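Input: a single structure, listed below in structure tokens.
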Amino acid sequence: MGEVNKQAVEQYLENNPQFAKEYFDKKLKPETIGALFNDRKVEVKDGASFKDLCKLEESDIVFEMMVEMQDTNDIDKQMHKVVQRIVTLVNADRGSMFIMRSRNGIPELATRLFDVTRNSELQANLVAPESEIVFPYDIGLVGWTAHTRKVQNIADVKKDSHFSDFVDKQTAYTTSNILAAPILLGKEVLAVFMLVNKIDEPHFSKLDQEVFAKYLNFASLGLKYSHLNYLYNVESRRTQVLLWSANKVFEELTDIERQFHKALYTVRIYLNVERYSVALLDMTKQKEFFDEWPILMGEAEPYKGPKTPDGREIIFYKIIDYLLVGKEEIKVIPSPPADHWSLVSGLPTYVAENGFKGPVDETGWVIKNVLSLPIVNKKEEIVGIATFYNRKDGKPFDEHDEQIIEGLTQFLGWSVLNTDAYDKMNKLENRRDIAAEMLMYHSKCSNKELQTILKTKEKINKEIEDCEQNEMIKILKEELPDPKVVDLYEFHFSDIPVSEFDLIKCGIKCFFEINAVQKFKVPPEVLTRWMYTIRKGYRDITYHNWRHGFNVGQTMFTLLMTGKIKKYYTDLEAFAMVAAAFCHDIDHRGTNNLYQMKSAAPLAKLHGSSIMERHHLEYSKTLLQDESINIFQNLNKRQFETVMHLMEVAIIATDLALYFKKRTMFKKIVDHIEQTQNEEEAIKYISCDPTKKEIVMAMMMTGCDLSAITKPWEVQSKVALMVANEFWEQGDLERTVLEQQPIPMMDRNKAAELPKLQCGFIDFVCTFVYKEFSRFHKEITPMLDGLLNNRVHWKSLADEYEEKMKAIEEKKKQEEEAATKGNGDEGGKSKTCAIV
Ligand SMILES: [Zn+2]
């Protein structure tokens, strides 16, 4: 046949397209496609016609392909083979595959297989998500191919306006010519395949283009299958997420956090991420008074940070972390620090402020990609931020993840509203329980009881209703003790010689002494009933009983009168302060706030913080709703509101947890007072500023509440034992009910450490209070003296105990030493013997 040159063959094929088509159809199908999906050599058996063989091979290939496609994870492997075959067939230098995706609604193309040559390994060509090259839809020939949805055969890229040398510059490669084609699913572009630089030829031919197109049909089948599978997977994940959440919300309603936690924990397997966190936002719009103080005092800058769209300061009060890689772990972080890993990126704050959503590429240590979404309730308020980190397959989050997670966060938002309603209901329920409890335990002062103090029947043979106010005041006053006799004005007052019943009278006396009865027209029978009812409101427990309540009221009275603090306050304010002090621990159960939380008491569900204090306040306010015991009944509306506010501040302030918040502010006020030239100036400095008045009052409440520590040693040593006993009783409860080991202070097995604990309490808590008050007003110095005196006593007891312990220790050591020494001597002896 002679020499056939390449050019002549090409010429012939060009001129006889029908022949060329038939030839390549036959040739391509069995031999090359077969080798695409398996590495077997196609064996041609004798006797089989070429046509039969084609059919056999084709069905074989399709079957093989379907088998491979069952496992969509192998799509990269399949596509690698396809690209490699095409590169070989058309004699391209290399080929690549780009995957189309959309993030934040913006389409982009990302390298999946890069620089595939005829014999390169899949591992070398598969692009890891962190090193992928991403093309915007409108840049480069890849983007253009996707955009036009047409095959692009570019003979010289330098002459093409769409070409971008961005990748060449990155990879130090020179692209001369390109053959690129899109893979379509309907109108949607799934991927772009690209061949670069025809070997030994100036560019890809028309024929190359056809071969390329033909093979891409197979590639597209695989890609479509994989894509549909992914979509199906997304869809099923989405429905599962929603189905589950719906079930749980209505099946078991709990508080918000548990709601979030349960929902998020259960959907974790569908989320397909390495870890995620939910940061819950503080929903309170109004700050607590004690948090306002530093700002009003100029101690702290007013909040200037970001706010939620509805005007709340962005405070994440709790974070729930879900770590799903390695050992699964869930961490709940209350009051997370600003540098907590999930907040440090600033993303949750940003999302809380702007409602922004979407993936963000982070350059930080392990965070490869982040998807952060606000959880919004139906009132359009952002209640929390859900942030998802690192898709497990290493790929970036895409629009489907956004949809899934958006569905979830929306659902969580709605469930918040449900739980809001539930919470309200629950709170009502708790309130009802507590109210019932209150009614059961306490009973109002009866008329008979009233007559034991306000003896109208005995003295003038009249029922209360038939008496004139002045008559009753006269009768009542006759019953009240002489302040001098009971030391009512003294800091060293002791309740021990006074009966609980007589303490009621002492309490009533205080209100006469501050002139409240006369000035605010408190009906004497109402005052008596109120004081009696307060006494009955205190439970018969070891320490936080009526005696303690009375002592705090008496100390408040003494601080105002003897301590001369009254001059900063109006009569109305003093009235409120003394009343608040008497009520401040009403209905105490002998256990502290922590115990309420740990034992999940109804009170803990009702109040988030200062649990017991809020209860004492609520209780006191409830009593005032009964007009027959409402000592403030003759106040006007504004006066009544003032009293209610002061009672709230005063009673909540007895939570020792808040003591540390007000310390420095109080010290500053005292510093200033020490510098003032005259009394007038000092009065002006405090009484003209409601905030300073509140701070001083709050510290007075602490001073009153702890006043037992300042009493004469005979009193203090007894009271300290009562306090300790109540603590030990709680410790017993913790052991038996909660099955927990109590802290040393509450552990009766460590009772001997009481003196040491008292010294610590004096040094770290009490000394500051009474030192500052003595500095504030020298009239209050007796309290500090009392405290320091008790410190000496406790210290010597503590030393004594320590000495004793030391002696025991020493003795033990000596005994041990004696024992070992004895052994050593013997050993020495025998040794000597042995040597000799
Ligand atoms: Zn108290």
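Every residue gets a Cβ built from N, Cα and C, even glycine.
Keep in mind that this is a model prediction, so the values were computed, not measured.
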Exercise. According to TrEMBL, His544, Asn545, Trp546, Arg547, His548, Asp705, Gln758 bind AMP; which one of Asp585, Asp587, Asp799 is listed for that same site?
Worked result: Asp585
Exercise. Are any of the binding-site residues Asn545, Arg547, Asp585, Asp705, Gln758 near ligand 1, with a Cβ under 6 Å from it, and if so which?
Worked result: Asp585, Asp705
For this session: Could you tell me which of these binding-site residues, His544, Arg547, His548, His584, has the greatest number of Cβ atoms within 10 Å of its own Cβ?
Result: His584
Seminar exercise, completed: Given the binding-site residues Asn545, Gln758, the candidate whose Cβ has the fewest other Cβ atoms within 10 Å is Asn545
For this session: Could you tell me which of these binding-site residues, Asp585, Asp705, has the greatest number of Cβ atoms within 10 Å of its own Cβ?
Result: Asp585
Exercise. Could you give the Cα-Cα distance between His544 (AMP binding site) and His584 (Zn(2+) 1 binding site), in whole Å?
Worked result: 10
Exercise. Among His544, Asn545, Trp546, Arg547, His548, Asp585, Asp705, Gln758, recorded AMP binders, what is the largest CA to CA distance in Å?
Worked result: 23
Problem set entry | Spatial neighbours, same chain, of Trp546 (AMP binding site) - Cβ under 8 Å, 6+ residues apart | Glu500, Leu503, Ile534, Arg535, Tyr538
Seminar exercise, completed: Per the 10 Å Cα distance test against His584 (Zn(2+) 1 binding site), the binding-site residues Asn545, Arg547, Asp705, Gln758 reduce to Asp705
For this session: Other than His548, His584, Asp585, Asp705, which residues of the same chain sit close to Zn(2+) 1? List them in sequence order, counting a residue when its Cβ is within 8 Å of the Cβ centroid of the site.
Result: His544, Gly549, Asn551, Val552, Ala581, His588, His616, Thr654, Cys704
Exercise. Under DSSP, is His544 (AMP binding site) helix, strand or coil?
Worked result: coil
